Amino acid sequence: MKKKQKVVEEPEQINPLGLACDDDKKEEEENEPLIKAKRLKPEEEEEVVYHPVKLSRNDLYRPPTAEELNQLKEAETLFHCSLLKMQMDELLKEVVLGERRNQQISSFIQTVTNLLQNVPTSPKVEVNDLSWLSGAVKVPFLLMPKTTKGKFHMATPASIDLIGSYPLGTCIKPNIKVDLAVTMPAEILQPKDFLNQRYPRKRALYLAGLAQHLTSSPEIGTMRFSSLHGNRLRPVLLLTPPGKDSSRFTVCVHVCPPPGFFKPSRFHPDRNNVRTEWYTGLQTPESSEPPTPHYNSSVLGDLLPRAHLQFLSAVGAQCSAFSDGVALLKVWLRQRELNQGTGCFNGFLASMLMAYLLVTHRISNTMTAYQLLRNSLNFLASTDLTVNGISLAKDPDSTAPSLVDFHSAFQVVFVDPSGHLNMCAEMTACTYKQLQHEASLSLQFWDNPTVDGFQCLLMTPKTIIRTSDHVFQLCDLVKLQTSCKKQNLMSELMDRSGNYIQTALRFILSLLQQGLGQRIHLLTHSLSPDTEWSVESEAPKYKAHPPLSFGLLLRPELAASVLERGPPADNPKAAEFRQLWGPRSELRRFQDGAITEAVLWDGNSMWQKRLVPEQIITHLLQLHADIPKSCVRYVGALVDDVIKTGCQVPSTGEEESLLVVQSYDDLSRKLWRLEELPLTVTALQGAHPALRYTQVFPPEPLKLDYSFFDREKTSRSLVPKEDKPCPHYVTPITVICHMEGSGKWPHDRLAIRHIRAAFHIQLAELLKKHHNYTCKPCPTHLDVWKDGLAFRIQVAYHREPQVLRESVNADGLLVVRDNEEAQALEMITIHKPLLTSTLHGLQQQHPSFGAVCRLAKRWLAAQLFSDDITEDTADLLVASLFLQPAPFTPPGSPQVGFLRFLLLLSCFDWRNNPLVVNFNSQLTAADYTEIKNDFMASRDSLPVMFIATPKDKKLSLWTRRAPSIQMLQRVMVVAAESLKVLEHQLMDGSQTQDVRVIMRPPLDAYDVLIHLNPKQVPLLSRAVDPPTVTFSRGVITDGTPQSGGALPVIDYNPVSLYLNELREAFGDLALFFCDPYGGTVISVLWKPKAFVPAPFKTSQMTARTAKVTGEEVKTVPNVEAILEDFKVLGKGLVKSVEAKFEKWTF
């Protein structure tokens, strides 16, 4: 039997790791054990013929092997599901090098080796004499001081060996680096070359000589110098093959001394190998020479690479999954930006860590790659190498330093098998704490069945700007030289061969850790990149170093405190406190009678308080490191500007929201106490974003200027004057008032409405009588003017939605049928109040939640998406960032929360996954499975954006009507671009700083632009770019708001009313978009289907014109008349209508 099947080409898969897998895909295809298909001629129909594989009966029913049983058991016990195991296996296939790539590398290595074995010998010269070197190649070394003793000449390498990850089998994509160790001949070196940078300089000269020799070869592509993990004492030569393979991999040439040339004991952390007199010119007794541990470890590191490779090869040979385990750990480190730069936890350390765990029997040789990764992270999370270092040395010789010796010289200690080298010599304590934190965080969500562990663990990049709550940069790093002098760090500077950045960094980190104290969970810093430069250029100076970035992970409950309380005045620690804070420290008496040292920071609003860490950082750096404020670029709250209001006390809405909530609470208490109602109030629930702290611009208490308004004759309410600008927009704050149940409630929908209207009238009379509030009852609601705020009370009867669903058919039978009216009523009276109270609780747990919502909704409104992603939907999206933040921690600042909101919008797979917002952890793992299964079973009938909550598992009530698939795709594209632009703005200080650029929508794509008269746009001052000219809106700014007096017009916004009219009249022809917060342009997009000629019908001639073609009469939209109607409908509001005819494609 033969089966015919059509050939279908699968689209190229997007790879989040950015892994280069083009060639290796070809290899995989070549190596696939599939039966070859016969491909037919192009002119024939493309089809593939599959021949069935014939298996004997014994093969068909053969019992599983021991290996297969182990795999099945592993998938069942170790993983949430077999999917995670398959994902890990697929990832390893993607990152491990294929056969074709290995052949390319081997061929190029052979070429380089052959070239290097023919290096010519040059005559001996002084080390300082560079005349033998052609001008085309420079020495990759900063000569500070300029001269040192010794002779040098070029000679053929003693040996050339592969070292590092490639021969070990742990080299992974995408950045493939193959390390090649070139051993200098012993005659070039002298026994005392370990002193005063003699060996490092000869090493650099030899490397320059190799580069000069290779320059003339056409078999070498590009050549560049770099430094090994940012260490300028250890330059390396980077080679790439010529032609199209130049970007595929890099060969990194290291220069090493002959094995055993220097005694390891000479590089003890307590010994000095850089003399003060040589470095500074100042004579110092030999007994008082400071130790040079970092210089010593740099030289010692060149002696041991071959020994390290032999050790790792021996350990790896005993564990079949060793290379795969290291590969997974490298991917994990790469996604967290911990694998490159000065003091990083590189792939070599990852291999050594896994080897340590195998040697000490913390993990077994039979474990899988998955188990190796998990146990490695568990070890990192639970072991603090800054306090208790570890050593791979089984029997170190008597001259080897002890762990105590290493701890006294280095912040992090991990000793190699020789017992002499600390492999973490360059790592700061902060970097290791970050590593620990990330490992601990990964383990937290690893076993959580409600989290996609694979995606969070290995596929999500964690950049410093997305991970840290606040970020700041130190620019103009040459100022750190002054810091080193002020803190008398000259010995450390000598040890680091003049690298004042790394010298000052440790002091700055310690200072900031001390000053920020309990305000932060974690202080991180960017790892200085491995600088690359052309072989024809001088080694870049330290002042060319890019800005240093620092990240703060805040404790929200303590970070915004304006008071730093110190010890009592008579306490010995008071002097330390005064020394740390300088003139900012002063004695203060507190309410409990204590007199203590204290520092008070500026901060009247929550926005200012969030920036207290900035005040601390700039003060300490200026005081102790002579780093002026101009050199500190703090980007913790730059994005907050777009929702900032107030001139004297800038605010991002927290204080205004609190005032609204307090006024609402007071109104609630007064409504509860009303006793003259026929039915008692059973519940009062807020149903407005301001009551959950998420209103973009919360309502502000107003004092009205009565001269600005006319009076309405019967009720004496205030109405706008025709010649005045549109008055200030008064937001109605919706409150749902539930009355108790009673058998006297009618079962007729009209009667229920009359009863509700009667309640509104009686509530108005009672509030006026007891509290003198100005009230205006309406059939649907009651408006109450209190404290300069307008509350809109709606009485609700819990059975009314059910009554709306009931109807009697022609046979007199009661029929219950769902309808939009009942759904809308349920949404207003049940679902919105519940969501408001739930999100109010979330705000109490996470102080930055409301501000993140306000930023997110401001962006959606500015980009004209607020009708598609509604306020409630946006609040739910932001809530998910706080309730399920993996792989991050919950956002601790509005800015980082907003960045993650854009990331969620742009990257979430809405087609295949529901977004589950698990309020109060009510949903179990079984619930998640049920939601996912129901979602997949009914995918085609469900909303495009599906959001599930504990009270709404199957319907996604909030996104039922919007967005459409086209609008969601548009939102995702704009979010991705906004994220890219914003992150670049925040991290690149050389750019013009204008974060509002992401709030300005591109208007080129629209067909018609309706320009509005700014005078009639009530929220004009809230625009992204507010105009310089402002209009009086009938509000007294300095007055105290009152509850009595005349009632203004509530919820009067000409722009939204005009938009509603346009959609009602022309919604079948076009889409209308506008920024509700001060937008002065309404953008119109024609619907292509509306312009398809339709058969002539007299009943369907609205806004259409007839076109006669022969005997056929068709109708098409009358565009000129429609544009004229736009003007007529918006008379007084519309300034002009701009039609972009060139954009129209009908």
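Just so it is clear, glycine is given a Cβ too, placed from its N, Cα and C backbone atoms.
TrEMBL lists 178-315 (among others) with the feature domain 'Nrap protein'.
Annotation source TrEMBL lists domain 'Nrap protein' at 321-460 (among others). For the domain 'Nrap protein' (321-460), residue counts in helix, strand and coil come to 73 helix, 5 strand, 62 coil, using DSSP.
For 467-625 (among others), the entry in TrEMBL reads domain 'Nrap protein'.
Among the features that TrEMBL reports, domain 'Nrap protein' is placed at 643-844 (among others).
As annotated by TrEMBL, domain 'Nrap protein' applies to 846-1001 (among others).
The feature domain 'Nrap protein' is assigned by TrEMBL to 1003-1137 (among others).
Per TrEMBL, the feature region 'Disordered' maps to 1-33.
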Q. Do the domain 'Nrap protein' (178-315) and the domain 'Nrap protein' (467-625) share at least 3 Cβ pairs under 8 Å, sequence separation 6 or more?
A. yes
Q. So what's the average pLDDT for the domain 'Nrap protein' (467-625)?
A. 90
Q: Just give the helix, strand and coil counts over the domain 'Nrap protein' (178-315), going by DSSP.
A: 58 helix, 28 strand, 52 coil
Q | Residues of the domain 'Nrap protein' (1003-1137) by DSSP state, where helix covers H, G and I | A | 37 helix, 34 strand, 64 coil
